[in-house]
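Quick look at what Swiss-Prot annotates:
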- D374: active site, 4-aspartylphosphate intermediate (ACT_SITE)
- 212-227: compositional bias 'Polar residues' (COMPBIAS)
- S10: phosphoserine (MOD_RES)
- S439: phosphoserine (MOD_RES)
- S450: phosphoserine (MOD_RES)
- S496: phosphoserine (MOD_RES)
- S559: phosphoserine (MOD_RES)
- T570: phosphothreonine (MOD_RES)
- S587: phosphoserine (MOD_RES)
- S672: phosphoserine (MOD_RES)
- S826: phosphoserine (MOD_RES)
- S940: phosphoserine (MOD_RES)
- 1-31: region 'Disordered' (REGION)
- 212-231: region 'Disordered' (REGION)
- 6-85: topological domain 'Cytoplasmic' (TOPO_DOM)
- 107-129: topological domain 'Extracellular' (TOPO_DOM)
- 151-286: topological domain 'Cytoplasmic' (TOPO_DOM)
- 307-318: topological domain 'Extracellular' (TOPO_DOM)
- 337-769: topological domain 'Cytoplasmic' (TOPO_DOM)
- 790-799: topological domain 'Extracellular' (TOPO_DOM)
- 821-840: topological domain 'Cytoplasmic' (TOPO_DOM)
- 864-915: topological domain 'Extracellular' (TOPO_DOM)
- 936-948: topological domain 'Cytoplasmic' (TOPO_DOM)
- 968-982: topological domain 'Extracellular' (TOPO_DOM)
- 1004-1020: topological domain 'Cytoplasmic' (TOPO_DOM)
- 86-106: transmembrane segment (TRANSMEM)
- 130-150: transmembrane segment (TRANSMEM)
- 287-306: transmembrane segment (TRANSMEM)
- 319-336: transmembrane segment (TRANSMEM)
- 770-789: transmembrane segment (TRANSMEM)
- 800-820: transmembrane segment (TRANSMEM)
- 841-863: transmembrane segment (TRANSMEM)
- 916-935: transmembrane segment (TRANSMEM)
- 949-967: transmembrane segment (TRANSMEM)
- 983-1003: transmembrane segment (TRANSMEM)
Amino acid sequence: MGRGAGREYSPAATTAENGGGKKKQKEKELDELKKEVAMDDHKLSLDELGRKYQVDLSKGLTNQRAQDVLARDGPNALTPPPTTPEWVKFCRQLFGGFSILLWIGAILCFLAYGIQAAMEDEPSNDNLYLGVVLAAVVIVTGCFSYYQEAKSSKIMDSFKNMVPQQALVIREGEKMQINAEEVVVGDLVEVKGGDRVPADLRIISSHGCKVDNSSLTGESEPQTRSPEFTHENPLETRNICFFSTNCVEGTARGIVIATGDRTVMGRIATLASGLEVGRTPIAMEIEHFIQLITGVAVFPGVSFFVLSLILGYSWLEAVIFLIGIIVANVPEGLLATVTVCLTLTAKRMARKNCLVKNLEAVETLGSTSTICSDKTGTLTQNRMTVAHMWFDNQIREADTTEDQSGATFDKRSPTWTALSRIAGLCNRAVFKAGQENISVSKRDTAGDASESALLKCIELSCGSVRKMRDRNPKVAEIPFNSTNKYQLSIHEREDSPQSHVLVMKGAPERILDRCPTILVQGKEIPLDKEMQDAFQNAYMELGGLGERVLGFCQLNLPSGKFPRGFKFDTDELNFPTEKLCFVGLMSMIDPPRAAVPDAVGKCRSAGIKVIMVTGDHPITAKAIAKGVGIISEGNETVEDIAARLNIPMSQVNPREAKACVVHGSDLKDMTSEQLDEILKNHTEIVFARTSPQQKLVIVEGCQRQGAIVAVTGDGVNDSPALKKADIGIAMGISGSDVSKQAADMILLDDNFASIVTGVEEGRLVFDNLKKSIAYTLTSNIPEITPFLLFIIANIPLPLGTVTILCIDLGTDMVPAISLAYEAAESDIMKRQPRNSQTDKLVNERLISMAYGQIGMIQALGGFFTYFVILAENGFLPSRLLGIRLDWDDRTMNDLEDSYGQEWTYEQRKVVEFTCHTAFFASIVVVQWADLIICKTRRNSVFQQGMKNKILIFGLLEETALAAFLSYCPGMGVALRMYPLKVTWWFCAFPYSLLIFIYDEVRKLILRRYPGGWVEKETYY
């Protein structure tokens, strides 16, 4: 980043004259950020570095120069991501998506009331009530959704912990602690074990310095840092330390080469906050649904408006009818139902360790077709564990299970005793204090990952390592360094009071070079060609499994030459380090989590492609991918085919290989077309040694294929990809704050298996929303048809506005919500992911089922009840046709019925309102059957069972509410609802039964003839 890419480039400093320019500028910036880190500071010699940054490498900057640079570059801090003001979030909830439909309904109601008030002396208040209720529904639901999201985002308020608070700099030769924000380019900085690196540094001197780069590159092993230039790629070279990574051990000095937003970490954070986030699938579904419902509402509204003008109504009356029909089509309760469904699912997911930040992401996870998963910590346990050992010329399997219930081997061999002693003594890792009651595998250790793995392995199989070390006290030690690649220590032997033992571990080939003999069955024998081949084969086999292999050897020092109290000199080496005895190998791996292979299998049967994207080594990545089933058994990569047929890789047709391992350096040179080719033609893909920017490129590639992509990540390096993906999933335990900020969902237990649970919940919520909507929309037909017949056939109004509201916001609410608790149908994880182009939340088939089939049967039930009651009161159906004008005439108090009885206006209205109540009750009765048939889309209700207790409660609740509204004293005045004869409740029963039988037969045909005509026309 140095001068070229660093200082002059500042994301914040770019402005353009006009809006269009700004957008182009922003796109250009993002493309700039997506490129690999451009930097040449790691290649410069120390003199060139000093000249470039005008700094004395021993004394640091002058205070004056530091102030000038600070004034020029600004503080060493990340620009916080732009946040949405709270009022904007609240308005989005009030006016977004579904709410718009209800607002339009409310405005139309007030308009209708205004027209009526202008025309009539005593206007009916129905439309006014309806408008107020609609507005109230939107406001209450909006507040509820806003509260839900605000609660989740509280958990997210972080980002502040990203920057280390203090830094140790050397200026004018003086060491001083300053606020990390005041560090400037060119500063000489010192870091030690436990510090966070305050800016991007070029190392000029170091002593055993190791840094943890896992949040940046995804490598779990601490990386050595030294002044040497070791790699072209600045992310891989040893002489650069990155802002906000942790120094684990040792000390180092370095020159600051970038600060704040210009650091590698800063670029990633800027990239993440600059990415455009697409709309969620469910938001698009709700938009599509609104268009459908609007069409369904406006078309009959306009048709009947024209018809009523033809029938001779005044145009003002026709406008009132038009508004009435449109409003009757608005499902008032549905907004609340959808919100509650999503909230319930989010709560259920939180119980299963998935924290959802925005409600709509719940469903996105269900429509996921590709998961790009990180390896370290998500698919694996993120703790190095001893996996295999080789001694006595045999490879033995160690126990890597989380509960230590796995493989065991014979621990009586004297060679194993020697090997375990070396691994325990030649080891600087220790358990942290106060963990006696915690199981060994879960204890925290101080020390490097490989040594901690050895410590736990020996503790489990041989008992306390501390006691072993106490019995064999250490008298000298040479720590591991990158030049000689071994670690050595000398101990007093417990089994021989006068002598010492020298124990050594390190890179296997280096250890073997020092050993002319090998220990087999406790006996030292010469290391001949045969044994060397055996060693080579074992080493290759373990290395091929992606494991990190260490060699162990020892030498019993002769007591004559090295008696107790001998002063061992580790600088001048006054003791032998050659002619040792080789004992064995131990190999370590970060093992897969127990539940992952099963979860990957579930993804496969659900049609979801799992791609591994990791910063780790290709061999390790491939081994883990095979271990968890991302590369399934029997599937080969190009390399495997070439090795099997013994031909060069260039001769293999890449299309023959189902699996594919792509190296980051190859990905760097690929065009988008080549990447698309790989994603299209290979079903099982592993990307290894990838950089953060490449993860983003991979996500965009998958999205170009039309996939809905979920990405998991824990490091800062993952945040751009998390933001760009359709759903970003961050890790709750190991995740950095930045990644949690960018994600839509957080896995509280860091376990890949929880994602699969999330996918199932997401699919379930989509299914259940469909069922809820189908249930809610069905009652629209028996609510609208009375109004239409009232206009066309001029009969007394069969169902009033107030009673419609009692259905939509009263009796239908709990049953509709209860469908959110419905268990999954048996095929939910066997289906292919939903195709967002063809499989809509509400499609034409659902509308035709709800309106054209079930809704019509319900309307018949309602009209049957209506005609029965009026006939019992003396008005036969033939007398009702055309009676409307006389019926509603306040001055007419002698209207005759079919038998010649005279009715006053008041008496007529009591009968009419009793009809409204009965029509309402019959809708409740037919909705019983509708609720039960909506439990399943394909299975029979008898297969699904009635285990949903909330649904049974919903049935009882809607019935109790209907009875209460009908029989409660005073309802005649408040809601104009009157008590019904018991027999009138039974009028709709046959229709309810008919709905149930009709739908069971339809589903039977669906199951018998999949893909047939019935499925094409009625499966929603």
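Keep in mind that glycine also has a Cβ here, set from the backbone N, Cα and C atoms.
S587 (phosphoserine) sits 9 Å from S450 (phosphoserine), taking the C-alpha atoms as the reference points. Comparing CA positions across the recorded positions D374, S439, S496, S672, the one lying closest to S450 (phosphoserine) turns out to be S439. The DSSP breakdown of the topological domain 'Cytoplasmic' (151-286) into helical (H, G, I), extended (E, B) and coil residues amounts to 36 helix, 48 strand, 52 coil. Between the transmembrane segment (916-935) and the transmembrane segment (130-150), fewer than three CB pairs separated by 6 or more residues in sequence fall under 8 Å, so the two stretches do not touch.
Counting only residues at least six positions away in the same chain, the Cβ atoms of A476, E477, I478 sit under 8 Å from the Cβ of T570 (phosphothreonine). Look at the topological domain 'Extracellular' (790-799): DSSP puts its residues at 3 helix, 0 strand, 7 coil. For S496 (phosphoserine), the nearest of the recorded positions D374, S439, S940 in terms of C-alpha separation is S439.
Using CA atoms as reference points, the recorded positions D374, S439, S672, S826, S940 were checked against S559 (phosphoserine), and the closest is S439. Taking the C-alpha atom of S940 (phosphoserine) as reference, the shortest distance to any of the recorded positions D374, S439, S672, S826 belongs to S826. If you take the Cα of S672 (phosphoserine) and the Cα of the residue listed as 'active site, 4-aspartylphosphate intermediate', they are about 22 angstrom apart, rounded to a whole number. Mean pLDDT for the topological domain 'Cytoplasmic' (151-286) in this predicted model: 82.
Of the recorded ranges 130-150, 319-336, 770-789, the transmembrane segment (287-306) has the largest number of C-beta contacts under 8 angstroms with 319-336. Once Cβ contacts within 10 Å are tallied over all protein chains shown, the modified residues S559, S587, S826 are led by S587. Annotation note: S439 (phosphoserine) sits in a coil segment as assigned by DSSP. Per-site Cβ counts within 10 Å over the modified residues S439, S450, S496, S672, S940 peak at S450. Helix, strand and coil residue tallies for the topological domain 'Extracellular' (864-915), in that order: 28 helix, 4 strand, 20 coil [DSSP]. Summarising the environment of D374 (active site, 4-aspartylphosphate intermediate), the number of other Cβ atoms within 10 Å of its Cβ, over all protein chains shown, is 29.
DSSP assigns S587 (phosphoserine) to a strand. Helix, strand and coil residue tallies for the topological domain 'Extracellular' (968-982), in that order: 5 helix, 0 strand, 10 coil [DSSP].
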